[in-house]
Amino acid sequence: MDYIIAGLGNPGERYTFTRHNAGFLAIDYLAQAFNTKVDKIKFKGLTGSFEYADKKVLLLKPMTYMNSSGDSIVEAVNFYKVKPEKLIVIYDDIAFDVGVVKMRKKGSDGGHNGVKSIIQRLGTEEFPRIRIGIGVPKEDMVKYVLSEFEDYEKQKIFRAIEKAAQGIKILLESGIDRAMNYINGDVVV
């Protein structure tokens, strides 16, 4: 495997369309875009793979629940001997309005427990991530991130996921700097 793309979320139907599952929704979109299925049970998660631009890519949805995402991801990284800079993690971010997408090469967990778990298990912050804005909570944070998107927000989220997927294509074709220029170039509204 050349790349691992992991989307963060919580398993189970009741969480499918919740804000905290933006990463899972992105992986589902990527699977469809690259004509694969994320249905093989491996690495404490669901996986699928595809080839694009002469790169082999593993899609991963950890089934460990958010706060233990690192347990699943580190297994895949170690099995395929993928360097952290070839691990792309997609997740929700309450720091951005709904539909904003941002990419960076490395950084702290920003208060996100799933990312915190990955950093702890990998022993490094040096992995790229794509953050999908889910809005700033006006209420209890746990209740907010586990709530479903409002109808008026759904189009913004799916456009953000489309933009993230296009960024992944650009990354595989032309590298991370081009992908970051595309993703960070403007705000999706």
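Backbone N, Cα and C define each Cβ position, glycine as well.
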Listed in Swiss-Prot for the tRNA site shared with Tyr65, Asn67, Asn113, one of Tyr3, Tyr15, Tyr182: Tyr15
Field: Alpha-carbon spacing, Tyr15 (tRNA binding site) to Asp92 (site 'Stabilizes the basic form of H active site to accept a proton'), which is rounded to whole Å
entry: 13
Statement: For Asp92 (site 'Stabilizes the basic form of H active site to accept a proton'), the spatially nearest of the recorded positions His20, Tyr65, Asn113, using Cα atoms, is His20
Message: Please report the Cα separation of His20 (active site, proton acceptor) and Asn10 (site 'Discriminates between blocked and unblocked aminoacyl-tRNA') in Å, rounded to an integer.
response: 7
- request: Would you give the longest CA-CA distance, in whole angstrom, between residues of Tyr15, Tyr65, Asn67, Asn113, the set recorded as binding tRNA?
  value: 16
- prompt: Since the record lists Asn10, Asn67, Asn113 as recorded positions, which of them has the fewest other Cβ atoms within 10 Å of its Cβ?
  reply: Asn67
